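Undergrad: Below is one structure. I have some questions about it.
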Amino acid sequence: MKTTAGVIIEADKVADLETKGVGTLTKQTDGVVKYNLANFHLQRILNNNTRNKSITLLGCFPEQSDTDKAVVIFEKQAFRESEVATESDKSGKQLLEKNYEDNVKETSPIYQCVPPVELSVVKTTVVYPASQKHIEKYTVCQKYIISETPELYEEITLPYISTSQHSLEWVYNILDHKQEVERIVYEDPDPETGFILLPDLKWDGRTLETLYLLVITHKRGIKSLRDLNAHHLPLLRNVRSRAAEAIEKRYGLLSAQLRMYLHYQPSFYHLHIHINPIRNDAPGIWCEKSHMLDTVINNLELIENYYQKATLPFVLHEGNELLEQYELKMSIRRAPKHLAEKYNEKDETSSSKKLKLDDITTSEVVSK
């Protein structure tokens, strides 16, 4: 298995990981932390995503700490169109010029071919030390939609953010050019409307088809969508236009080919915007998670304090502390009593009795 460079998040710092011939976490030079994955002690599998061709592992590096957790993600890389030769471009022959004959499996009239090992490229990501929020993020578990009213935001969400958010030091280090300077794609230094554009950790840095960039605004104090108002329109418009120009110049993609959006809830509470090609089904683009930048701008043009008045949906994972806070206020995970009884009934004619949709009346669906 060939492994490409991945990413380490260590003590809220970002560094490059070379998984070939690296030492254990005993040397740190110029902010680059190196790990030897041979010393990773696996505790359990958090997720095996067959659609994204990735597997996420939970464990630790015993020689460093017996208590600090580590999350390791192995992900198969997407194909690059440049790897396939065409009549007009004979430079991309990596996939088609390899010898597959010894690996051909015939299941007439279909032939299955196993490519040479050098074409099996895997991206590796290490999160260390991994917090409980990191573990929850990468674990397969039940998910619930919360319809957050402005009142619920002030009463539950905001106090939770104020007491439990991760340190933003790594964000400020990027903005202050203390880290990641060499990765910056574009920067507008204006303190009010400026931003830094750089590759997101999800991108391998090579495959244009899976391009994933992140905008981090210079203006501090904007935690999320909830804090935005009409006074921030110059900032949002500047991001939309300048980022699109920089991406077209650097990567050749038009603004009409790009998806620009914000997450709610975000993974960290400093205003940032995600950008990737429309053709790429990137993680986190679901309707209950993402808010298109164009829509955000339009909402604020119509109503200057739209996001202080709106009810915003977001998703919480089982085990998330914020979910527990909402559970104290309303019933989220408890099914109506008589429905639970129906599921528990023994059916003599079938061992897998199904509940019909007609059995649930509108009076049984309560909106809190």
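Just so you know, glycine gets a Cβ as well, placed from its N, Cα and C.
For reference, TrEMBL lists these features for the protein:
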| type | residues | note |
| --- | --- | --- |
| BINDING | TRP170, GLU180, ASP200, LYS202, 263-274 | substrate binding site |
| ACT_SITE | HIS272 | active site, nucleophile |
| REGION | 342-368 | region 'Disordered' |
| COMPBIAS | 342-359 | compositional bias 'Basic and acidic residues' |
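Buried or exposed, and what's around them? Tell me for each listed feature.
TA: Sequence-distant contacts (6 or more apart, same chain, Cβ under 8 Å) of HIS272 (active site, nucleophile) comprise LEU214, VAL215, ILE216, THR217, LEU262, PRO266.
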Undergrad: Can you name the residues of this chain that are 6 or more positions from ASP200 (substrate binding site) yet have a C-beta less than 8 Å from its C-beta?
TA: TYR212, LEU213, LEU214, HIS274
Undergrad: Please determine which of the binding-site residues listed here (GLN265, SER267) has the lowest count of neighbouring CB atoms within 10 Å.
TA: SER267
